[in-house]
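Trainee: Per Swiss-Prot, the feature signal peptide maps to 1-26; the stated evidence is sequence analysis. Feature annotation from Swiss-Prot assigns disulfide bond to CYS43-CYS61, CYS47-CYS57; the stated evidence is similarity to another entry.
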Amino acid sequence: MKSTLMTASLLILVLLSIIDYASVYAEFIDSEISLERQWINACFNVCMKISSDKKYCKYLCGKS
């Protein structure tokens, strides 16, 4: 009984740490995507001020 309880407790701790890691990793991915979008928008805005060629700026900055 005691070993079953210890095993269950250990399993719960492992699962909680996996869930915690997954949530931190998901936040990291969201922030990476947000930074990428900000960079693309900034690149596009600067390019448009310089060249005014929308098609070229979309190609240059990777904006779809």
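Here the Cβ of each residue, glycine as well, is placed from N, Cα and C on the backbone.
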Trainee: Counting Cβ atoms within 10 Å across all protein chains shown, which of the disulfide-bonded residues CYS43, CYS57 comes out on top?
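Mentor: In terms of Cβ crowding, the pick is CYS57.
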Trainee: May I ask which residues of the same chain, at least 6 positions away in sequence, place their Cβ under 8 angstroms from the Cβ of CYS61 (disulfide bond)?
Mentor: ILE40, CYS43, PHE44, CYS47
